[in-house]
Amino acid sequence: MALSRGLRCCQRVFSWIPVLIITSVVLWSYYAYVFELCLFTLTNALEKVAYLLVFHVCFVMFSWTYWKSIFTPPASPCKKFQLSYSDKQRYEMEERPDAQKQILVEIAKKLPIFSRAQSGAIRFCDRCQVLKPDRCHHCSVCETCVLKMDHHCPWVNNCVGFSNYKFFLLFLSYSMLYCVFIAATVFQYFLKFWEGDLPNGPAKFHVLFLMFVALMFFVSLMFLFGYHCWLVAKNRSTLEAFSAPVFVSGPDRNGFNVGILRNLQQVFGEDRRLWFIPVFTSQGNGHYFPLKNRSSESHNPLLANEDMWEESDDGSEEGSLVEDQDPSVTIEMEE
């Protein structure tokens, strides 16, 4: 037990190494650009002020979005999807598998769940003891179920999902902007140092490496950002791009695709003035997502209007009852 706890502690410590690497590179780039380039190399005062002003805007937005991506906790299913104490007692005391499945079916009747496991069964996480909402998956690193999980990113040491997906996209975009600005403004001095027009010194080393590092990170970020832009346009997560979500009618990669504009609004919100600011504006609560084929929702008057399905403040189940699901639907245990 102590050994297992020690290994988990070591794993948590080592998981911060990628973040420390990124932080170290960024801090070095700050020193190299501000001091070695702007303060020690540039001679034109107007150019120096303009470079420093724009650079610090990019640096602040990059740092802000990176911070939000790292330290925004992944959202987990609310209490309505968890087994209550009485339901858990009934479930654990029941020895017959069919009876256990029936208990879970009764609980699932009250919830807005449309997606299924590959076998067609309702998804249940045996570790977290929750019925998984649509697009929710269990993260073995975070050891919890994450709403609209996209992937676990080692570079932010966090799960990217419903609560921070907007921040992650903004982090990628401002990272690219940061790299582009550095490369564009350093390029002429990179050539001067390379051709020997400027004297050798510490600044030469920093400027040359600034150029290489900025271009290297820009290329890698460009492909990653482009891929996630495509995912947002299609309203898919990384997991759904590799394994299509399954519905009662079968697998459908475009099951949650409701049009580019509405797809964007689900992530960034309706107020376009806030799209590029790292504040949470995503639509909904992460437990329910509109479907491309809304015919399945029409069978359920509660789920036909997503705003009607909300968790009450006192934690009661009032207003959460829905029409019975097919009692033949089974439950699959998933970790």
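Sequential numbering from 1, following the chain as shown.
Each residue, glycine too, has its Cβ placed from N, Cα and C.
According to TrEMBL, the features are:
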- 307-335: compositional bias 'Acidic residues' (COMPBIAS)
- 122-242: domain 'Palmitoyltransferase DHHC' (DOMAIN)
- 302-335: region 'Disordered' (REGION)
- 12-33: transmembrane segment (TRANSMEM)
- 49-67: transmembrane segment (TRANSMEM)
- 167-191: transmembrane segment (TRANSMEM)
- 203-227: transmembrane segment (TRANSMEM)
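Long-range contacts of the transmembrane segment (167-191) within its own chain (CB-CB distance under 8 A, at least 6 residues past either end) are made by residues 29, 33, 37, 41, 51, 54-55, 58-59, 61-62, 65-66, 68-69, 72, 150, 153, 156, 160, 197-198, 207-208, 210-211, 214-215, 217-218, 221-222, 224-225, 228, 232, 267, 276, 278. For the domain 'Palmitoyltransferase DHHC' (122-242), the DSSP counts in helix, strand and coil order read 69 helix, 18 strand, 34 coil.
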